[in-house]
Amino acid sequence: MDFVLNTIQWLREVPHNFKGEFATVVFDDSADILVYCCVLYILLVFMVPEHIMKNREPFNLRLPFVFWNIGLCLFSFCGAYSCVKNMIALYWERGFYRTTCFFDSSVAYDGEFAFWVFYFILSKIPEMIDTVFLVFQKKPVIFLHWYHHLTVAIFCWHAGHALIPSGLWFATMNYCVHSIMYFYYFMCACGMRKFIRPIAPFITMMQLLQMVAGTLIVLYTAYHSYLGESGCEVDRTSIRLGLVMYGSYFFLFAVLFGKLYLKKQVKPSGTASAYAMSKKRNGEKMA
């Protein structure tokens, strides 16, 4: 019992003892790791289905899928709790402009908030395993799915290297959405799709609203960087990348939402049909 209590106490202390120098070293000295992961991911999406899985039976990965989703759900919930708590305090103390445009190293470089933002960035690489489940179960991998995983990993790594203050908002929003999204996938994987299915449109709407909020935040930083008198510490490369990323996400999620929930069709066609059927049957990833 003492071991369990000591372990829990240790886990509580780890985020508070986090030092930003460690994150700086990772992002400065390990950029090539991101490149390797992205190359392997592209091979997974485009080569494995055609050259490895083409003549094979799909793997039964239901049990690993259950544990994978509950693990990501708990991770996202803990991250959401910490980031929301710290974001509210930061906003209350500094206001929206200073929170979004100026990096507060005393809050976002060391300690609990920095810990969860750092591991949020790193988590975008293992989250690519979502696609592994699709590929090896011979489920369709639509453009939105792999494009989202690939580009968000690249942008987050760049944002971690550049220490953009607006990234605190992005991490907080993403943790919140993912905590609900992965719980939904967990329930579906456990065979409770009929029970949980009614909230599927709500989750897609949350994702869409996240893209709207992200786009507005990037536009806000762009205004203060290019036109505002006081400026903005978000570098302009991050602003341009953010506009392209969030703008494209908004468009793609809006199209997906329209196809899945607004168009009343008996039998949708194309990749949207395959994706919708896959998601209905197996609770697979929306993005």
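For all residues, glycine too, the Cβ spot is worked out from N, Cα and C.
As recorded in Swiss-Prot, the features of this protein are as follows:
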type	residues	note
ACT_SITE	H148	active site, nucleophile
MOTIF	145-149	motif 'HxxHH motif'
TRANSMEM	33-53	transmembrane segment
TRANSMEM	64-84	transmembrane segment
TRANSMEM	115-135	transmembrane segment
TRANSMEM	150-170	transmembrane segment
TRANSMEM	172-192	transmembrane segment
TRANSMEM	199-219	transmembrane segment
TRANSMEM	241-261	transmembrane segment
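Residues 100, 166, 169-170, 173-174, 177, 180-181, 184, 239, 242-243, 246-247, 249-250, 253-254, 256-257, 260-261, 279, 286-287 of the same chain sit 6 or more residues outside the transmembrane segment (199-219) yet have a Cβ under 8 Å from a Cβ within it.
When pLDDT values are averaged over the motif 'HxxHH motif' (145-149), the model yields 97. When each of 33-53, 64-84, 115-135, 241-261 is scored by its Cβ pairs under 8 Å to the transmembrane segment (172-192), the top-ranked stretch turns out to be 64-84. Residues of the motif 'HxxHH motif' (145-149) grouped by DSSP class, helix first, strand second and coil last, total 5 helix, 0 strand, 0 coil.
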